[in-house]
């Protein structure tokens, strides 16, 4: 196979880098998607993490990066929040935390979470490293802890720092930021001016190399190789010539080539240095850039030969060092560099011209060597027969022809060295190419033997070079010829169809890479003529990696043999898409080497590595399976694929295994590519969520139920709406101390409008309120009754108002409890959170049916969090409503003091029987009674008679009030009242008369009233619900605003001592119904007393809540 450049395409080697750096320390790490704001699902987990946690990879994938599935009872909640915060803010986290394995056993873990960025600087992944430090924790005894407290905090953190140093050294070493400094301690380079990131980036990057590393296919290296090739030819020519023709006799002659010889030796030495910094192609086809690997490779291959060839023998002559003749023979070792010529033949074998040129050069070099040998043989024959005066050697014959014979016992005279070399070369070439011409012939036995050998070599070389060059190349390099033929066809195809450069590069690279993998051999074509038995055994051996998966453990040998015939090998280059979203899935793929990523909408859903299985679960129906995501190669990947068509055929032949295979494949798939698989995932997730809500279990799950809202959208039956129900009895409200004893931390607020003339207006707004000051909920106190009450649909129906009599329009205060009979069977509002949490998940997913499982899971999590957030807001709202209820109770107590029944014959039926009331009868009561409400107002600075107070025209002048609005919106202008500390006294700054049953008390410059009515009743409390609110427009004027003073109550129902706050009704929220709203007169009330009498009114609040 021809020597190629190697695999040089840009690769995303992030996964390989992480795995390589962790190798040798601990490989417990996971990768999570940082682009998904909710959940940060795990896209890759190492085998070490699966072994540490006890979970399978399929169980870990797509779970949250916060590792909630590892939390347990003793897991620190503060660290949980810190992990969540670091993930949300995409910052680094490090700390020791207690985790729990799948079997429930705890272990201490040193957790490091690091954000990974892409080439744009965006955080796309989280790298979480897990280090088991349980053994280190166990070694710390209580005594050691006491000693640590005495000696300081430095020793207490020794185990933590040492474990962290070992763990984080791996992460920082990934980008080369780990430096070894003095005392062999590992320290972090915190130089802020360093541009390199502290951790590897998740991106496609070119192969990195040092500035001093030479590419073996670079232009400079190619030119240098040609220079070394010429120097090698020079050595191959000069070394034999100097050894045979020069010798030690004429040193002056040897000096003529000394300079060139030294220059060649210098070139060889430089070549050795460059070879230590030149890349090479490994057996797997990868280009090696690491200097250490290059050095090891060169030392174990060509270093020894190059070193011997570079020994400076010619320097001995340069310094006039006398050496023996054997030293010249050592220079022949340089001829071993000719073996490098074979590499050139491999590299340039696709160029026939270069190959023929090199072959001719080798033929000429061989003739040169044989000419040198021929001269040595003639010289030895002359020296051996010098005493016998033989003159039959080829040198004697040459001397005679050239008229320069030998004399002086054949030691002097003779032809020149130049003439002798030319004659010898002529003889060898004529002998190699033909039988010779006879002008130079062999005369002695030694010469004849050499001539025979020359003829034999000549015949072989002649046939090789001149006769059978094409045939020899086809026989020896048939695979090369096929490779070049296909390469040429591919280039012609590209040229004819005018394909773009990028597509051309992809095609050529894919062809070269696949050729390097299978060497151009089509295994199917090669094995088709073999019997099925032998072919099955061969394919089982070739595909043993995928057949060793747990998925095929239950398959019989016959099933595996049949299945192996339908397995094919595939190759994917970096950046190539194996599958695209919406494609018909034709096979199930097994990753043998390399790494891939699953993409959807440019978002990483999973990262696949060696040993991962991708495909789809099989359906009972024979239908086309569409993929729901793209599968893209990050590096060069070798794949094995099971063709689905053949798989179905095998499963039909082995039905006993088919059922098991269909069940197991959905668990063994690292990522399921079936379109619509997300619906099943969400269904399973919802079921798991419901189980976890009803029966919380697992390690460290926070089983806290949050309050929720369930909107009851069912309509009331028409008959029930029209049915008149008697008014529910109203119970007195217990004191604050009694409420504390009950300890109920859940109040249920139910509001209902009274049934007016238009009919009952039902509305449903049950709100579940949680109070934090109670130790137990009402459900915990009475579970049986709670379950009964939970099944009932609470509806408060109030009877229709009787127009004949004055209606009770007293506002009701919401305290969250409707206790009509003061019994345990009273109905309360209770709504479980399981229903609202499960209904959104059980419903079919909306939107694009091809949405990924991870996206739907994230949406489900978002919905869950939004519901929890809504529940939290509702909890806060109900607390505010409860507080508002307390304020409204105070307002109602205030209204009790100003409302009294309307009687035409007397002003106040309870305090006086006279037609015109006395001053005592104008004072408010301390408790609520069932008579009609009345309002007493004493304005400052004016005195009126009793007749004037009872006169209706005064009332109409002061208040221009619609009677329908008086009962719901009383307004009064009065002065601030104060309760003195000694008794129940109420101060009015300009009190000119004293009502009946009230005693005037003078203290200093102030006047106070004491209630002495015998009819005082404190057994009843205000109504506990209110459906009407005050209009801000009515209360906006300062002239019409009413400042009411409410004395507080004690436990016994009397007014407590102390300062009583003043409430202004203009600050209360809400609005009046326009039909019942009164327009208050803007006439100043400074000098007039006021009487406001309520009357029957039909009140309808259009803004009431319908549930």
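Glycine too: its Cβ is placed from the backbone N, Cα and C atoms.
Residues or ranges marked as topological domain 'Cytoplasmic' in Swiss-Prot (evidence: sequence analysis): 1-225, 277-298, 349-357, 470-1107. The domain 'PAS' annotation in Swiss-Prot covers 18-90. The domain 'PAC' annotation in Swiss-Prot covers 93-145. Per Swiss-Prot, the feature topological domain 'Extracellular' maps to 247-255, 320-327, 379-419, 441-448. Residues or ranges marked as N-linked glycosylation site in Swiss-Prot: 320, 409. What Swiss-Prot records for 420-440 is intramembrane segment, and it gives sequence analysis as the kind of evidence. If you look up Swiss-Prot, you'll see 551-668 marked as region 'cNMP-binding domain'. For 686-742, 764-791, 818-847, 961-989, the entry in Swiss-Prot reads region 'Disordered'. According to Swiss-Prot, the feature compositional bias 'Polar residues' maps to 686-702, 961-972.
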- How do the residues of the region 'cNMP-binding domain' (551-668) split into helix, strand and coil according to DSSP? 34 helix, 44 strand, 40 coil
- Query: Looking only at the domain 'PAC' (93-145), what is the mean pLDDT?
  - Reply: 81
- Message: Using a Cβ cut-off under 8 Å, which residues of the same chain at least 6 positions beyond either end of the topological domain 'Extracellular' (441-448) come close to it?
- Response: 374, 377-378, 380-381, 392-394, 397
- Tally of DSSP helical, extended and coil residues in the domain 'PAC' (93-145): 10 helix, 30 strand, 13 coil
